[in-house]
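TrEMBL feature annotations, pasted as is:
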- 43, 46, 50, 274, 306, 434: Na(+) binding site (BINDING)
- 634-643: compositional bias 'Acidic residues' (COMPBIAS)
- 1-24: region 'Disordered' (REGION)
- 623-672: region 'Disordered' (REGION)
- 65-86: transmembrane segment (TRANSMEM)
- 107-136: transmembrane segment (TRANSMEM)
- 189-209: transmembrane segment (TRANSMEM)
- 218-239: transmembrane segment (TRANSMEM)
- 267-288: transmembrane segment (TRANSMEM)
- 300-321: transmembrane segment (TRANSMEM)
- 422-440: transmembrane segment (TRANSMEM)
- 461-480: transmembrane segment (TRANSMEM)
- 500-521: transmembrane segment (TRANSMEM)
- 542-563: transmembrane segment (TRANSMEM)
- 591-612: transmembrane segment (TRANSMEM)
């Protein structure tokens, strides 16, 4: 059956053909220059996870050993998949829906699944930006409001809940979030946070309203400013007392962790999310490039910048946390020495030889070593009097994960800085810009494929962008109620992890096994302009093997490991116990578990649903052909089948490529 070529006589550009779709889509926007594109990819891939997730994983999983493991997975799995998305977007010049429809109409659900995941992530990610805005506004004071505990009801003593925890912890849970005791206790909307969320969505809408022409200009600041702040914090942090101890703890390698499957799972997941694979944003940004752009060099550059940024952020975080831990440990030593001095004075203890009675001359490591040399009975007796160990490592382990690192631990460290409001403003401006650049990428992962897919939306792109932001704000109000932070944790942990792993695994299958890895590499080679008689770059054949086997097996292994983790460890969330003034792990109630499962199902459902839909359409088309009478005029061109991957009547917008696909199609719409 002959295909109808774009150059068919009698069909002019823009003329309607089968299915009523235009032959030629409107001219595609393009980046103003290469710098805008690189900043967009860097801004999307370098996000809040580089600042608070990577340092935590590095510290918890063997320090330098985790960094080596991360680098290995990045080279073997991450970069090949990243290059796949970059090349696919640039080659086909469509969003994620159009790209995977091009490879096979049966796999178009991959693109829709990416859009759903981007929608879920955007809903809660902008709430984190709203939190940053709240803290940024609170930083413009002579004394930071979380530097000390507020007075209680009697106006003479500090608030008991704050005194039992810490000023920064109390401010985060009781002032900023006004958090409820559980996920089931809604408690109404936090109006201050709702206002910050409105401002956050207004910033996103303003940056996106004119497409990449406006967002590209915003990225000059939002992508570069965080590096200025990180370098400032690095210089300041390394000059602080105790910074060297923090850096030493971070980089001390523990190679034994390589035998733990969960460490491999966490390293692979971090590589996966740090590059932004599966969201469709990498494809969307790359689709605005010229055809002969060197996307391979771009991929290596962005992946390298991403990795170095993670190292830089980890160095900054642990230098500052080392300073904080040293300050807290010294206060602990001073308190314990005072108690011991009192006990010895009243004869409450047997003769006890202290290293020194001057707390200022007793470093925490020396005190800790002395404490551990005490007999077991004496140590138990001292604990009964409130004398404890003061280990730097214990203080380093407190609150170093996720939001706790940014809004509790790091803010506490900044209160110890000279001119702390200045450093607080810088820090939360950095978080705001990191979040904004990633948020723009998330939204492009939604807008670009939908605008490419539906010409009607493309003609109303500004209105559609504004409408998406409005809907995002209204749905995001769920996350700014008093129990909203618990929903943020749920969405962050479960709405994207499993669905994105499934999406990327399907991407590898689509390119490597359906379309053909060698065929795709040949098209990329042609796209980049390689010719035998002149110097150029030819795609590494290793990529084909990685897409077929290495990356695909890694994704399947990660998917199974993530499912196993959920089954073996029932999902829990971290709640704030107001009575005990401490964080506690609480299992999700049944309705929340059902919601959690629904999020995963809804995000992955487009892949099998649209696959089955296309199969049904193809079967119906075959039945229609079998029941049709023989043609009276065989010289006329045979009509296209609606099941044909290139037939406009199948409901998909034709994808513009430089040359028509080669003959021969497999059962999934790719080559035999």
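Here the Cβ of each residue, glycine as well, is placed from N, Cα and C on the backbone.
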So, does the transmembrane segment (218-239) come close enough to the transmembrane segment (542-563) to give 3+ Cβ pairs below 8 Å, pairs being at least 6 apart in sequence?
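When sequence-distant Cβ pairs are counted, the transmembrane segment (218-239) does not touch the transmembrane segment (542-563), since fewer than 3 lie under 8 Å.
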The transmembrane segment (500-521) vs the transmembrane segment (591-612): three or more C-beta pairs under 8 Å (separation of 6 or more)?
yes
Short question: most Cβ pairs under 8 Å with the transmembrane segment (422-440), which of 107-136, 267-288, 300-321, 461-480, 591-612?
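Against the transmembrane segment (422-440), the leading stretch is 107-136.
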Can you tell me which of 65-86, 267-288, 591-612 gets the most C-beta pairs within less than 8 Å of the transmembrane segment (300-321)?
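Result: 65-86.
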Report the listed stretch (65-86, 107-136, 189-209, 267-288, 591-612) having the maximum count of Cβ pairs within less than 8 Å of the transmembrane segment (461-480).
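Against the transmembrane segment (461-480), the leading stretch is 189-209.
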Which sequence-distant residues neighbour the transmembrane segment (65-86)? Criterion: at least 6 residues beyond either end, Cβ under 8 Å.
54, 57-58, 251, 253-258, 263-264, 267-268, 270-272, 274-275, 277, 282-283, 286, 295-296, 298-300, 302-303, 307, 310-311, 504, 507-508, 511, 542-543, 546-547, 550-551, 554-555
Using a Cβ-Cβ cut-off of under 8 Å, list the residues of the same chain that are 6+ residues beyond the ends of the transmembrane segment (218-239) and lie near it.
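For the transmembrane segment (218-239), the sequence-distant neighbours (Cβ-Cβ under 8 Å, at least 6 residues beyond its ends) are 35-36, 39-40, 42-43, 46, 207, 247, 309, 312-313, 315-316, 319-320, 323, 417, 423, 426-427, 429-430, 433-434, 436-437, 440.
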Would you kindly list the residues that approach the transmembrane segment (189-209) from elsewhere in its chain, counting only those six or more residues past its ends and only Cβ-Cβ distances under 8 Å?
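Distal contacts: 126-127, 129-131, 133-134, 137, 176-178, 215, 218, 436, 439-440, 443-444, 447, 462, 465-466, 469-470, 472-473, 476-477, 479-482, 484.
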Count the Cβ atoms, other than its own, that fall within 10 Å of the Cβ of residue 46 (Na(+) binding site), considering every protein chain shown.
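Other Cβ atoms found within 10 Å: 26.
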